[in-house]
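Taking it in order: structure first as structure tokens, then the write-up.
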Amino acid sequence: MKQYMVTRPLYSEDAFADVHEKIHRHHKTVRHHVKQYFTCDLKRAKNAALSLLPFIGWMRIYQLKEWLLSDIVSGVSTGLVAVLQGLAYSLLASLPPWYGLFTAFFPVIVYFFLGTSRHISVGAFPVLSLMVGAVVTRLVPDEGPPVNITGFEGLTSDEQRVMVAASVTFLMGIMQLAMGLLQVGFIVMYLSDTLVSGFTTAAAVHILVSQLKFVLGLVVPGLSGPLSIVYTLEKIFVQIEKTNVCDLVTSILIMVVVFIVKEINDRYKAKLPVPIPIEVIMTVIACGVSYAFNFRVNYKVDVVGRIPVGYESPMGPNMQIFGQTAVEAFPMAIVGFAVAFSVAKVYSVKHDYIIDGNQELIAFGASNIIGAAFKSFAASTALSRSAVQESTGGKTQIAGLLSALIVMVVTLAIGFLLEPLPKSVLGAVVIVNLKGMLMQIREVPYLWRRDRPDCVVWLVTCLASILLGLDLGLAVGLGIELLTVVFRAQFPRCSVLANITGTDIYKERKDYMSIYEPQGVKIFRIPSPIFFANIDFFRGKLVEAVGFNPLRVLRKRNKALRTIRKLLKKGELQMTSKGLLLTSSGPIEESEDESNMEDLDQPTDFKDLPVQVNWNSELPANIQVPRVDVHSLILDFSAVSFLDISALKGLKAALKELIRVEVEVYIVACDAYILKKLHSCMFFDDEVKSSMFFLTLHDAMLHILDKHPVNSENTKVCEKVITTATIHGNQCNGVSSLRSRDRFVHVSESETKF
């Protein structure tokens, strides 16, 4: 086993500062940062251009011969999937199917210029589409009149829905763009993997229920709001006997075939040059069969119907809709960015390049704003579509651009071929692609075994999102997640440490057999920041660790002093060679001067007494004062990252209480920032001094052992049992004891070297 030996002086913080001079650093002021932010030169302008238009960076290194063919293959494959998913996810948004083609085109073009990821496929995302659909059906319900909004006059129901979807998407884009410009891309850090998993699982349940009406061929109005999923299921089962058998059989057949082939793709992905595009193949077959047998007329099957050729003229957003949808638009902006950024991060790590969260916000914000102007709905990315783009060899967003061209060809030229496609086929494709999200429920047993607070976050987020709706469910999930963070910080697992025999290592004393724990010394560690919410918990745990309440002991001592002074004044207590001796045989009552109760919290004062009282010895007149067996307390601050003002006040009060009952307090491994803050906040005074701060826990322990040598009849070893160095150059003459689970262990001096 490798060993090392260190010989150095024993350092307190003050001693270390005296020996090692610090470099004075000039910290930039707010004015300097503002001035630097608005300063422009050629280099900064170039960096700004490359940052705002990331495609310039990778286009400059584009390897034409090696990458172009892969991008072409990837673009064609992704484009075919994007066409199908665009049509399918439009149904989730409660819009005519062809608007999904717009979402698969305009946002992709904008992202090509502004996005930093080279592999994600931009377009419709099922969870976002469902959230858009909830807004659309709330303002323009299937049954009953729409909400009274200026601009709806003279429009059909579909046109009103398109206006709502485009307006909420525009507002969502504004929010994303604003967050990007304000550099708040870090906001996604508040969405943990657990929360996102529970939320997307709930979204998958909503999507599954919303597609049942297409699979069964039923007419069910779209509902939104709390318990909408329950009411939707009720409406489905009420008319279950009206199920269209042709739709049901077609859907089951599609789902079975697609599921089997996707499993084959997953199992043999290393051997297949490209995944089998089974969704596209089955869609083409379904279109042909539907056209040949005239499903629409003969079997009353609801089909996609007429797909207009070309693009529609742009439109401006409706400001009144902004006011009606602002609450829903914000979670949509967060969810859309969080999902896209998570997928982009996976591929950036895999292919070794950097993505910028703030630039991604700008890219998606601009994509949604421009897309909404051309009547597309909310765009993000989908893992399945991005997986196709990456697994088929896509190297850059050239593949994304080509996929948009495929969508454009369908929109401008061959869209009519999709008109006989049954909507049940689109519903079946959507459902079969939910497998990944629904299987996330398998995380629950693992989370319950490993991290129950995280499991609670998952379950609450999922259930709230299912029952209350995705927007309220996300808010509830965020609230629960923040509560768990507060709970962990407010109630940290504090511990009492002890020295591992013969080393300078300190561990939880309950976890190890052979430990060194000098009598009268306690080492207390708090593994979290100390702030207003946990300072009382910290003080309670500290009292528990030392084994007594210092404030109670102090008050008992001061009451005892009052009694002693009273007895001396009356002559009932005299000073002898053996100490204070009681001369009266009558009962003695403890002094209870309620007019000066605040004096009981002050330091004990022996100035008018003939002798200083030893509180751990037997006191005269049967005066009872709790014993204090701890003479030194070390607070390990190595895991304390910050203190707030409330914590500073509470900490100072706790330290003063301990010092006033003659317990020496030492604070070790304190962060330089915290130490500087203590000085600036006037933390130190005549009782709480900066000399109590030591560089390391081991330094403080050596200082205590030098100051309080431990005597033991069972062991006669040097105090150097936990050190090889001398203390300030002087050999120690004290002795110490080793505790190994309540038994003494003899250790030779040679075994203490480290």
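Even glycines carry a Cβ here, placed using N, Cα and C.
Annotated in TrEMBL:
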type	residues	note
TRANSMEM	68-92	transmembrane segment
TRANSMEM	98-115	transmembrane segment
TRANSMEM	122-140	transmembrane segment
TRANSMEM	186-208	transmembrane segment
TRANSMEM	214-233	transmembrane segment
TRANSMEM	245-262	transmembrane segment
TRANSMEM	274-293	transmembrane segment
TRANSMEM	329-349	transmembrane segment
TRANSMEM	361-378	transmembrane segment
TRANSMEM	398-418	transmembrane segment
TRANSMEM	456-480	transmembrane segment
DOMAIN	511-704	domain 'STAS'
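Using a cut-off of 8 Å between Cβ atoms, the transmembrane segment (329-349) and the transmembrane segment (245-262) share fewer than three residue pairs, counting only pairs 6 or more apart in sequence. For the domain 'STAS' (511-704), the model's average pLDDT works out to 85. No contact links the transmembrane segment (122-140) to the transmembrane segment (274-293), because fewer than 3 Cβ pairs that are 6 or more residues apart lie under 8 A. Taking pairs at least six residues apart, the transmembrane segment (456-480) and the transmembrane segment (214-233) share three or more Cβ pairs below 8 Å and count as touching. Listed stretches 98-115, 186-208, 214-233, 245-262, 274-293 were compared with the transmembrane segment (361-378); the greatest number of C-beta pairs under 8 angstroms is found for 98-115. Residues 52-55, 82-83, 85-90, 121-124, 162, 165, 304, 307-308, 311-312, 359-360, 362-364, 366-368, 370-371, 374-379, 397, 400-401, 403-404, 407-408, 410-411, 415 of the same chain lie 6 or more positions beyond the ends of the transmembrane segment (98-115) yet place their CB under 8 Å from a CB of it.
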